[in-house]
Amino acid sequence: METLLEQIESGKLWQFPGGIHPPEQKSLSNQAAIGSLPLPEYLVLPLKQHIGANGQLLVNKGEHVLKGQVLTQPGTNWSLPIHAPTSGTITDIKPMPSAHPSAMPELSIVLTPDGDDTWCELETRASLDGLDNKALIDIIHHAGIAGMGGAGFPTYVKADSAKTIEYLVVNGVECEPYITADDMLMREHAKDIIRGMEVMMSILSPQYALVGIEDNKPEALAAMQQAAKHNSKILVRSIPTKYPSGGEKQLIKVLTSKEVPSGGIPADVGVLVQNVGTLFAVSEAVYEGKPLIERVVTVTGNTIHKPQNVWALLGTEVKHLVYSQGFTPVENQRVIMGGPMMGFTLPTVRIPVVKTTNCILAPDNQELAVAGQEQACIRCSACADACPQTLLPQQLQWFAKGQEYDKLEEYNLFDCIECGACSYVCPSEIPLVQYYRVAKAEIREQKLEKVKAERAKERFEARKARLEREQEERQNRHKRPARSAPAKDKAKVSEALERVKQKRPEQSAVQAAIERAKAKKAEGDTSALEPDNSAVALERAKRKEQARKYKEEKAGSDKGSAPKDAVAAAIARAKAKKAAQTADSVESQEQDPRKAAVAAAIARAKAKKSGDEPKLGSEDDPRKAAVAAAIARAKAKKAEQDPEQNSASGSDDVKTDDPRKAAVAAAIARAKAKKAAKGDEPEAAVEDDSADPRKAAVAAAIARAKAKKAAKDAEQLEEPTVDDEPEDPRKAAVAAAIARAKAKKAAKDAEQVEEPTVDDEPEDPRKAAVAAAIARAKAKKAAKDAEHVEEPTVDDEPEDPRKAAVAAAIARAKAKKAAKDAEHVEEPTVDDEPEDPRKAAVAAAIARAKAKKAAKDAEHVEEPTVDTEPEDPRKAAVAAAIARAKAKKAAKEAEQEPVVDDKTEEDVSSGSDTQTDALSPEDKRKAAIRAAVERAKAKKKAQEQEGNDLS
Ligand code: SF4
Ligand code: SF4
């Protein structure tokens, strides 16, 4: 069995399925040689005249170009350049109607020929020596050669095939009716075609070059065979005339029996197909150096007076072409670019000739019948029988009408070569090819959009990947430094944390201080002093507790002999007073009358002040009251003695100090002293009458507490008035210190007055010594109490100095008024003579004893008064006001009742005076010495006790 090669060499031909035999109509144009056309008025050169991308413009508007000059620079994607068909000027570069059924405008160069038709410099060669395949491909490429059979595929792409080409098939069939361009070209330029075939064979090195020419072109066949005699690799075959044997796949089948698979290309079966016109252009490019600037175009049809093949410059408008050949349009004239089977009717004759234009058919209405009304498919299958691709044209048309593009592809729409055989045979006159072309265009558009979308997606993904990569790189850059110096950063962080921790306690302390200040501010300014007062209050409470215990012990020890002791004490005091009077009389004889007057004045002032103090002392402690009364009496007596001495001596001070006033002052002092001594008698009487010691004790405790409070308030209020500067607490403290000093002095004076009473007991020295010790203890106690009473005045600073000053002024005024009233009331008592001094003295002693007993009983109840001191300043102020009112009332009551007391006191004093008068001068001197010694001891102990208290 012969091999395929042997069969090919033997000249065997194969048949393809389908096909038709339409009228050839070739004789119209193949009777005359290829003609030439006059230069057109202008040439329109679309940048894209082939399959693939257009090139970039190399010329500008107004630029003069030469014939054969390249106008565009080819790029990638099957791009081909275009050249100037003739010399002339670029008059415009703009979109112009394209050689397409839609005549869609494409960017075109409008060249106005200058008529000289001047060639540019051409590089010619006589052989292919020195040219390798690449050089040949470049020459083909830069010559702008594309398939001139109708598809327009770039020739250099086919020539640069990566696949092995066994057979180079040269298409000289030209099966389309009316078209005779290849026939005439082969007749006239067979050698050039064979030379171009040899160029391609040198590039592709096929086993054979098979030239297929229909048997209806015997002249062309002979010319080709004659031209190819020198090359045994070129086999020129005459094939049967059958439409569409000129199809690429059909010709391959006919010449080689190979079938190109669906969707494949001839190279897939080792076959490369080239048109004879393309090979002529390759020969011109390689040997003559001429680019593709013109081609043979068949201008035919019954409306063409001179149908003929002509050399038409690319860019020549169809109008110029047909009119150059004697075009006579008819009614409903149609001008078809291409043949009647595969060509398309031009929407306008202003369409330029391009590289793929092989025929311009201008038939009349009889020559080529106008398509009738489309009818419904009758399923006659004539179309399928005529299809050379063995497709189902009726199904494709059905899917195309329904725009079922997937179905179209499934039914191999793209295997359709658009031969038109189906349409040609369809009895329903269905323009099947038109449906296929539209469907193909839509599918190509969709695929193009899909490709664009895929490319956009690829760019997006690439960009996304790039951004992610850059982000990752940035993160890595940030991470790397962190890893490179972790210890350093950690050290910095730890240091910062340590600083923060160190600052926190300070901040917290500051914050706590701020909070405390705010709390204090909210509570008031006085609360800020509370921490300081707490210590003093605690110390005071301790001292009071000690005093209370001492009093309890003392009260327990003295419970049985209290009346006797009181009587003895009264007697002792009386004696002490007497002794003091004698001592004072002795001292007063030695003193200056002026000092006596000053002492009288001090006594008066103290007597005035005692308007409050006696009540305080009498209510606070009966013993104190007794001591104070004794002191007052002693001072009063002294004051009374001083005027007498002054008057007797006739000193000058008598002139300055009125004796009457001194007497009055002495009487006031006595009255106050008596009042202080007898102040508790009504209470004692009430106690005796009521026979309820508890109530009396409670009342006495309340009275003492009020009296204490009143005394404290009075002292606090009086102190600022000394300096008249209530705003300065320091001055108030100084005033309080002065008051304490005065109180101490008063206590000392009392000791000095009472001490002689110890010596004034001639009957029993032991009792007198005991009485003196008791008196000293009382004096110390009085001093201590005075300190206790006065201390709060330092700490209990008035909240409002102005109010305190006003209150103090009022208190002083009231005290003065009370003193004055007392003076006015006492004056008449000066002349009052006691009826029985002894009885009055005994009664006074009994009254004092009762007062002492009531005071002792009240001491048990007194403790709460310490604790019940009002801490609230307002309450304290109210209590002070009440106390002052009660003190005033008590003072008034005392002023109204001194008559009896004065009598008794006078009696006692007079009685004592009679006793002291009975003492001899030697005894008086000894008593005075002992009294001085006791005073010194009492002072020393008082100072020691004071130092302990202060500590
Ligand atoms: S045009 Fe297409 S479908 Fe119709 S006969 Fe030709 S190849 Fe077949
Ligand atoms: S030739 Fe026309 S009518 Fe017949 S089957 Fe094909 S499309 Fe239908």
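In case you wondered, yes, glycine gets a Cβ from its N, Cα and C as well.
The annotation [4Fe-4S] cluster 1 binding site is assigned in TrEMBL to Cys377, Cys380, Cys383, Cys426. Within the same chain, residues at least 6 positions away in sequence whose Cβ sits under 8 Å from that of Cys426 ([4Fe-4S] cluster 1 binding site) are Cys377, Ala382, Cys383, Pro393, Leu432. Cys426 ([4Fe-4S] cluster 1 binding site) falls outside any helix or strand according to DSSP and counts as coil.
Sequence annotations record features per position, and here TrEMBL assigns [4Fe-4S] cluster 2 binding site to Cys387, Cys416, Cys419, Cys422. Sequence-distant neighbours of Cys416 ([4Fe-4S] cluster 2 binding site) (same chain, 6+ apart, CB under 8 A from its CB) are Cys387, Gln389, Leu391, Pro393, Leu396, Tyr436, Lys440. DSSP gives Cys416 ([4Fe-4S] cluster 2 binding site) a coil state; it is part of no helix or strand.
If you look up TrEMBL, you'll see 464-475 (among others) marked as compositional bias 'Basic and acidic residues'.
Positions annotated as compositional bias 'Basic and acidic residues' by TrEMBL: 486-506 (among others).
Summarising the annotation, TrEMBL assigns compositional bias 'Basic and acidic residues' to 515-524 (among others).
Per TrEMBL, compositional bias 'Basic and acidic residues' is recorded for 539-557 (among others).
Per TrEMBL, the feature compositional bias 'Low complexity' maps to 563-583.
What TrEMBL lists as compositional bias 'Basic and acidic residues' is 609-624 (among others).
What TrEMBL records for 652-661 (among others) is compositional bias 'Basic and acidic residues'.
Annotation source TrEMBL lists compositional bias 'Acidic residues' at 716-727 (among others).
Among the features that TrEMBL reports, compositional bias 'Acidic residues' is placed at 752-763 (among others).
Marked as compositional bias 'Basic and acidic residues' by TrEMBL: 782-791 (among others).
Under the heading compositional bias 'Basic and acidic residues', TrEMBL lists 818-827 (among others).
Under the heading compositional bias 'Basic and acidic residues', TrEMBL lists 854-863 (among others).
The feature compositional bias 'Acidic residues' is assigned by TrEMBL to 896-908 (among others).
According to TrEMBL, the feature compositional bias 'Polar residues' maps to 909-918.
Among the binding-site residues Cys387, Cys416, Cys419, no residue has its Cβ under 6 Å from any atom of ligand 2. Here the domain '4Fe-4S ferredoxin-type' (407-436) has long-range neighbours at 18-20, 22, 243-244, 247-250, 262-263, 341-342, 371-378, 380, 382-389, 391-397, 399-401, 443, meaning same-chain residues at least 6 beyond its ends whose C-beta is under 8 angstroms from one of its own. On a Cα basis, Cys380 ([4Fe-4S] cluster 1 binding site) lies 19 Å away from Cys419 ([4Fe-4S] cluster 2 binding site). In this structure, the C-alpha atom of Cys422 ([4Fe-4S] cluster 2 binding site) lies 11 angstrom from that of Cys380 ([4Fe-4S] cluster 1 binding site). If you draw a 10 Å sphere around the CB of Cys387 ([4Fe-4S] cluster 2 binding site), it holds 25 other CB atoms from the protein chains shown.
Look at the Cβ of each of the binding-site residues Cys377, Cys380, Cys383, Cys422 and count the other Cβ atoms within 10 Å; the largest number goes with Cys422. Listed binding-site residues: Cys377, Cys380, Cys387, Cys419, Cys422, Cys426. Those with a CB atom under 6 Å from ligand 1: Cys387, Cys419, Cys422.
Within 8 A of the CB centroid of the [4Fe-4S] cluster 1 site residues Cys377, Cys380, Cys383, Cys426, the other residues of that chain are Ile378, Arg379, Ser381, Ala382, Ala384, Pro393, Gln394, Cys422, Val425, Pro427, Ser428, Ile430, Leu432. Excluding Cys387, Cys416, Cys419, Cys422 themselves, the residues of that chain whose CB lies within 8 A of the CB mean position for the [4Fe-4S] cluster 2 site are, in sequence, Gly18, Cys383, Ala386, Pro388, Gln389, Leu391, Pro393, Ile417, Glu418, Gly420, Ala421, Leu432, Val433, Tyr436.
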